[in-house]
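What follows is one structure encoded as structure tokens, with my remarks underneath.
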Amino acid sequence: MTIERTFSIIKPDAVAKNIIGEIYHRFECAGLHIIAAKMLHLSQEQAAGFYAEHKGKPFYDNLLKFMTSGPIVVQVLEGQDAIRRHRELLGSTDPEKAQAGTIRADHAISVTQNAVHGSDSSESAAREIEFFFTEDEICPRTR
């Protein structure tokens with residue numbers, strides 16, 4: 001198994017519900033180390049840059065409106081098979097299809113307001129991490 005990094009966002013709906021600690025607890029119990037984290041309020045420009053791949057899709061405008069509606073928490077997670085393990089914790093993007101016990105099954109309201117985001121590949125993880133963090137802001141905990 002490979003030690004890898006993944007990127008995660010706790011979205012405005014989950015921040016508003018005050019469940020950041022619960023989500024972090026799930027990450028840590030799954031063996032994922034939080035090696036960088038920050039809370040911020042995305043600007044329209046930041047949201048458009050981060051979600052550029054979705055521009056032109058029917059949900060794009062609502063996604064930007066939602067992601068700029070309140071603070072988010074972004075973090076880099078590190079651990080064995082971090083991308084796969086993180087996505088398993090999150091559950092399906094659609095909370096109605098998410099397996100019981102996953103973060104989205106427990107806390108999401110809709111496909112957009114689904115509590116969390118997670119990278120779906122090592123390429124996405126690298127791009128998303130670089131969007132929010134400099135290398136100096138990342139503190140590896142596993143070797």
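Each residue's number is its place along the chain shown, starting with 1.
Glycine too: its Cβ is placed from the backbone N, Cα and C atoms.
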Going by the ATP site in Swiss-Prot, where LYS11, PHE59, ARG87, ARG104, ASN114 are listed, which of the candidates THR68, THR93 is also part of it?
THR93
Identify, among the binding-site residues THR93, ASN114, the residue whose Cβ has the fewest other Cβ atoms within 10 Å in this structure.
THR93
Counting Cβ atoms within 10 Å of each candidate's own Cβ, which of the recorded positions ARG87, ARG104, HIS117 comes out highest?
ARG104
